[in-house]
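Visitor: Sharing the feature lines straight out of Swiss-Prot:
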- Cys62, Cys65, His66, His117: heme c binding site (BINDING)
- 1-25: signal peptide (SIGNAL)
Amino acid sequence: MKRFILLAIATVFFFCQFQTNPVNALELDEATRTVALDETGKTTIVTSKQITNGQRLFVQECTQCHLQGKTKTNNNVSLGLDDLAGAEPPRNNVLALVDYLKHPTSYDGEDNYEELHVNVTRPDLFPELRNFTEDDLYDVAGYVLVAPKLDAYWGGSIYF
């Protein structure tokens with residue numbers, strides 16, 4: 001009898017592991033999802049679906065070098081909004097980041113990095129982005145611009 005009760009309790013605990021409620025996506029307000037579209041100051045509102053897709057693609061393909069918005073190869077330049085704004089040309093808007101993912105350049109804009117940084121222009125060198133669509137690039141750029149609003153340590157801090 002004791003074994004039967006223990007088996008019944010174990011069975012209930014086992015099945016409770018699978019009876020979870022579906023997780024709802026984090027609902028972000030419109031202000032959080034509003035990012036710069038271009039250098040003229042136009043803005044766009046990124047959808048939650050775009051942010052989710054951008055995050056998935058970023059984690060899948062970019063975090064090897066850009067974990068939490070930092071840059072593994074150069075700790076002085078991150079994906080924080082201040083660093084993106086300080087680049088030449090500024091990369092603190094969606095269209096500039098999409099352009100960078102197509103034609104990467106150095107932080108000062110002087111050198112072409114198409115053979116050094118992952119991009120969609122050279123799938124022969126960087127197959128990671130081979131299947132990225134224009135929408136995927138837009139989603140990743142949107143995520144990179146929304147991420148600092150969600151994580152105070154995105155791009156690094158004086159402590160990390």
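Along the chain as shown, the residues are counted starting at 1.
Heads up, the Cβ atoms here are built off N, Cα and C, so glycines get one too.
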Visitor: Among the binding-site residues Cys62, Cys65, point out the residue whose Cβ has the most other Cβ atoms within 10 Å, with all shown protein chains included in the count.
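Guide: That would be Cys62, with the most Cβ atoms nearby.
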Visitor: What whole-number distance in angstrom separates the two most remote CA atoms of the heme c-binding residues Cys62, Cys65, His66, His117?
Guide: 12
Visitor: Specify all same-chain residues, apart from the site residues Cys62, Cys65, His66, His117, whose Cβ lies within 8 angstroms of the center of the Cβ atoms of the heme c site, ordered by sequence.
Guide: Thr63, Gln64, Thr71, Lys72, Val118
Visitor: Once near-sequence residues are set aside, which residues in the chain of His117 (heme c binding site), 6 or more away, have Cβ atoms under 8 Å from its Cβ?
Guide: Pro104
